[in-house]
């Protein structure tokens with residue numbers, strides 16, 4: 001890989017230096033969430049971790065992530081012991097801030113390692129494509145905004161996902177791929193949305209003969225089953241023994257939360273909410289009944305349901321059925337053609353389905369689409385054409401996470417530079433497909449990107465200048481103005497990729 005320039009290591013060093021400069025930047029309530037989890041796991045016995053509720057930010061990640069926090073707390077006690085006091089709510093000394101920021105960067109070494117393995121796993125003729133895709137993930141505005149300013153550990157988690165995907169490329173490493181994904185599920189359960197693709201792929205490619213489903217490989221099935229049971233046993237076994245499984249279920253799956261998150265993800269339900277608001281002034285003329293209690297209801301991401309004034313209410317069962325239905329064709333394709341590219345494509349479409357139709361979707365869940373899609377976006381120009389609009393819409397939809405004036409130039413300039421650089425490079429190096437592209441659809445993508453630039457400027461800057469700073473952080477105002485554009489783009493991108501995945505043409509290189 002010596003001929004690939006700039007190298008992954010060089011970019012990682014420069015990016016790390018830049019991230020260190022951001023230590024004093026804005027941090028969200030997620031910073032306090034993770035500080036509180038450090039305190040809980042350090043100060044209390046394991047049996048009390050999922051019962052502690054001194055803070056409203058209770059522990060609601062699976063046990064392996066709690067162990068990860070415990071491991072960090074063993075170092076934190078030497079930096080500032082006060083951060084590990086459960087009663088010390090909203091504690092943010094500079095030592096605490098610097099320590100927690102540094103742990104995000106260090107944990108991202110997992111992603112760096114996984115991307116290195118991804119490049120090495122690619123055949124020599126296409127290694128430059130894998131290198132470009134890896135750089136785009138390493139320098140992702142999504143990880144930059146969510147992890148290094150807003151504050152989370154997504155780089156670490158997506159590193160495990162990428163490593164699992166890389167291992168899925170070779171028959172000899174399929175067992176490791178399944179184990180890595182099981183570990184990932186025990187770290188953060190949002191990746192359950194990707195589980196259907198893993199289940200079908202490992203069943204067809206590892207447990208059954210790829211050439212005939214009637215020839216099971218009992219040895220492989222036993223090894224995979226035993227490995228998965230062992231991973232989940234280590235994670236959840238102690239809590240089963242203590243009779244705390246129902247408590248874990250309530251913490252990990254709080255379905256009492258509303259349909260839409262506080263800062264609405266640009267999905268179908270955000271558009272549904274937007275349409276409901278648009279219909280309110282016309283309801284009397286159209287003779288539509290109005291739910292008066294819903295007129296002042298705007299979800300804030302806390303416990304409670306989203307209400308609609310005009311349109312019917314949406315249940316969590318309904319969102320589950322829609323999500324499942326949207327997965328049927330990609331999973332059938334994966335069953336019939338259990339190869340690497342079909343698998344990653346199915347993973348991406350699982351991300352699309354969960355993001356567009358899921359219950360209480362966080363805007364950060366857009367990375368479930370962008371990260372795996374990035375790994376195959378350069379397979380040919382048709383893949384890239386489907387990737388381009390979601391890359392723009394997905395990253396722009398993260399802007400409301402950083403609403404302070406100081407971070408406006410950071411998020412805007414960094415994201416625009418990334419989009420211009422990588423979309424230009426991807427456009428230049430993406431191979432021309434054997435089958436012709438639909439140029440009318442490509443023009444729609446370019447039109448969306450053109451419209452996005454003034455939309456970003458208005459919602460992030462001009463709106464504040466006209467209506468004042470406070471108005472920019474009200475979810476029902478500028479955020480709603482963004483919704484139709486990103487939702488349209490995300491839906492368009494998913495439909496294009498779904499069509500590409502469902503096509504009869506082979507997806508093997």
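Quick reminder: no glycine exception, Cβ is built from N, Cα and C everywhere.
From the options 293-313, 356-376, the stretch Swiss-Prot describes as transmembrane segment is 356-376. In Swiss-Prot, residue 127 does not share a side of the membrane with residue 177; the two are on opposite sides. Your range for transmembrane segment, going by Swiss-Prot and the list 97-119, 120-142, 258-280, is 97-119. Between the transmembrane segment (143-163) and the transmembrane segment (226-246) there are fewer than 3 Cβ pairs closer than 8 Å, counting only pairs 6 or more residues apart in sequence, which means the two stretches are not in contact. The average pLDDT computed over the topological domain 'Lumenal' (120-142) stands at 95. The transmembrane segment (226-246) shares the most Cβ pairs under 8 Å with 179-199, out of the stretches 4-24, 97-119, 179-199, 316-336, 356-376.
Residues 168, 171, 174-175, 177-178, 331, 334-335, 338-339, 343, 346 of the same chain lie 6 or more positions beyond the ends of the topological domain 'Lumenal' (200-225) yet place their CB under 8 Å from a CB of it. Broken down by DSSP into helix, strand and coil, the topological domain 'Cytoplasmic' (377-382) contains 2 helix, 0 strand, 4 coil.
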